[in-house]
């Protein structure tokens with residue numbers, strides 16, 4: 001068949017086209033495949049490589065490119081070095097120092113146990129192999145793969161995995177690829193030197209352990225340290241651009257692969273040590289946390305590599321009885337690998353691994369040990385070492401060596417297909433485990449939702465009783481406001497100031513969350529109602545001598561600053577058309593004025609100290625020198641903070657600006673400026689480290705594992721653990737939805753406040769979905785059909801999406817409406833309450849403890865009327881209550897015993913008879929005088945009217961009737977009380 005001569009088809013060109021077509025198509029649907037189907041790119045790329053490979057279409061066949069062993073080994077080396085370096089860089093700051101115990105337990109005992117167990121089963125199931133050869137095959141699959149582990153480390157499913165487990169799996173997958181070398185070469189020495197124990201031990205300890213592993217770690221630490229120092233120096237001097245800065249770690253990964261291969265050390269361990277040292281202080285991760293250049297490079301390499309692997313899988317050798325790779329043997333071995341390689345060892349060693357908190361976490365860590373690229377690298381490396389004993393030319397992967405060439409021909413022939421079968425099994429099992437777990441949770445959620453809806457829906461408008469206990473957001477009768485709660489701020493030395501200024505710093509300005517700066521995001525927002533002290537008027541605090549002196553000095557400083565700034569501003573803008581020379585002259589004049597200003601302060605330093613030690617009489621004296629001294633000591637900003645900091649401690653000598661010679665004072669001032677800049681850089685580094693430590697102490701996520709709640713920061717470090725004790729066990733279906741989360745939180749560490757011990761309510765289907773949509777960010781989720789779940793903990797309202805992600809946190813602050821102010825509040829011991837009870841305006845039955853108010857009725861407001869609603873009266877408004885209307889978190893009980901009994905979920909308010917002051921003797925006399933029970937001497941200037949005689953009282957019902965007397969007495973009391981309370985003005 002003739003082909004048009006213009007078409008130049010080659011193997012490399014076809015490979016480029018296949019990789020490009022797959023990458024473009026998969027990129028278009030990558031979000032759906034990863035976030036909805038929970039399938040990683042490695043699985044899909046392997047399937048595509050199988051389709052276009054020699055098994056199906058035969059478009060892409062790397063086995064015909066020539067030396068396939070060497071090509072596969074070098075491609076695998078580069079991919080592994082990049083991935084391992086990236087894993088080490090993305091670990092939290094100083095992670096290996098803080099968690100070396102957990103990582104060591106997973107590397108040494110867990111890997112050793114898996115190596116021995118799998119080697120034993122390979123020896124049993126594969127005929128013709130001795131135990132040493134079986135250990136070599138087992139050593140190839142001992143390490144876990146950092147690429148396949150990304151399915152549980154990053155992505156949507158990773159948000160459901162605790163952060164400390166994600167970090168542990170990442171660190172382990174990066175380390176154990178390099179730590180597989182001791183197991184690999186120990187097995188190799190057992191095969192090559194049988195019966196020669198001295199040679200085996202000497203070669204394994206001196207060459208493998210000390211040189212390849214230990215020296216490789218030191219080499220990696222050196223490369224990482226030098227890279228960190230040089231990139232910080234380049235960034236400090238501003239001689240590196242942004243693109244090179246982001247791609248610098250890729251360069252270091254290539255450097256590790258190159259020098260590690262040249263020196264013959266464990267280049268995978270070199271890459272991990274270099275990455276951990278390079279990102280040891282967290283500076284590089286902080287600088288590159290918003291950019292994803294490294295992720296893009298890794299993604300492209302993963303696409304290409306797994307397409308390549310899918311094309312070279314030896315499917316024809318998976319059922320080759322000549323070398324012992326029957327398919328049923330391989331299936332049994334795969335089941336053994338999945339269940340016995342890691343799970344038993346991790347479950348047994350769980351008490352010795354600090355980062356594994358429960359048996360469920362131990363099972364999860366034991367299961368997610370995927371086999372991938374590291375196994376390919378180890379298998380080809382072991383095959384090449386065995387072939388080097390009898391030939392300099394490596395045997396291709398798809399060729400079975402003859403029995404005459406080497407006595408290890410079966411091991412050379414079967415090590416590659418057995419390893420590839422384990423990799424395919426791991427991709428299928430571990431790649432689909434995430435989807436299966438998520439599907440199981442989804443089905444479980446659907447079943448629970450149907451059960452709750454069927455058994456608990458009743459009442460008006462199809463609402464359930466457990467839903468009615470929440471403050472409904474679609475009612476207008478109850479006035480309350482929702483404010484974002486503080487989930488990011490760390491209380492430091494300005495804690496009291498932040499609390500007092502919460503109303504000013506809150507999100508009350510109507511700004512969107514994206515438009516706020518870092519200081520405003522996460523600040524505490526209050527209801528805007530200032531706390532009213534007892535008596536109605538806050539007491540003015542007397543200032544001490546020191547505070548008066550500081551206030552007086554502050555006024556003088558402000559005055560001097562205004563004079564200086566106005567003078568410089570007027571001089572600056574006298575001429576609108578200044579050339580470059582004029583601008584430079586103005587700048588020098590301003591610097592000269594600043595120098596003179598600072599010079600005058602140095603002359604009067606001693607006098608300032610005498611003035612500061614004097615009394616209030618000495619402080620009343622005001623001189624210009626004192627003003628300058630105060631301004632100097634407090635370092636005012638003239639034009640910029642840099643200039644003001646450079647003026648501190650400098651001595652200036654006035655001279656002509658046209659002189660060409662420099663004085664000694666100017667040279668000294670330049671040296672001091674350099675020292676000042678160095679000190680400022682050191683202080684900025686200290687501030688950065690302090691800020692990073694504060695970020696590490698901020699709680700980010702809480703995970704519930706049985707009766708234990710684990711609180712982590714954003715980096716996955718565990719901050720606290722809380723034990724949850726269930727109090728109510730047996731309830732009916734309806735009550736269980738509302739009250740199964742009745743629990744008390746017992747603090748096992750020290751960083752958790754008692755406010756976290758509230759009881760939990762969950763809404764599965766909110767009543768007003770439109771209102772909930774208005775509470776969440778519109779930019780995050782514009783789909784109005786999505787579900788939201790709300791949790792109420794005391795007066796906190798937490799809104800989550802259907803994936804369990806927290807969208808918003810709000811604080812419910814009840815407000816006093818006009819109707820509420822006009823209503824009678826139950827006051828048992830107050831004068832007004834007793835007076836109204838005595839005249840019959842208030843029934844004695846209502847004078848006691850008020851009946852429980854249905855919260856649903858209270859929410860609906862005055863539109864609903866019933867016997868439980870309070871009457872609306874405008875005659876005698878109640879004085880300000882002694883208790884605060886808006887509920888604060890600080891009012892919660894601090895001990896767990898009080899926490900369990902202090903809050904009742906069925907009550908909307910707590911009424912306390914002792915919350916009001918007892919009646920004084922003077923108030924009692926006034927009350928009795930107003931009621932006519934007691935006669936007191938009265939003057940003409942008294943504001944109260946004397947009680948009317950009974951015989952003078954008249955009414956519509958006649959003077960002698962009981963009803964008339966009652967109304968007349970009521971009118972007199974109303975008049976007296978109105979005058980007393982200041983209503984008749």
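A Cβ is built for glycine as well, from the same backbone N, Cα and C atoms used for every other residue.
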472, 774, 843 - residue that Swiss-Prot labels as phosphoserine: 774
When the topology given in Swiss-Prot is taken at face value, are residue 63 and residue 684 found on one and the same side of the membrane? yes
Swiss-Prot tags one of 395, 765 as phosphothreonine; which one? 765
Which residue counts does DSSP give the topological domain 'Extracellular' (92-105) for helix, strand and coil? 10 helix, 0 strand, 4 coil
Taken over the topological domain 'Extracellular' (383-410), the predicted model's pLDDT averages 77
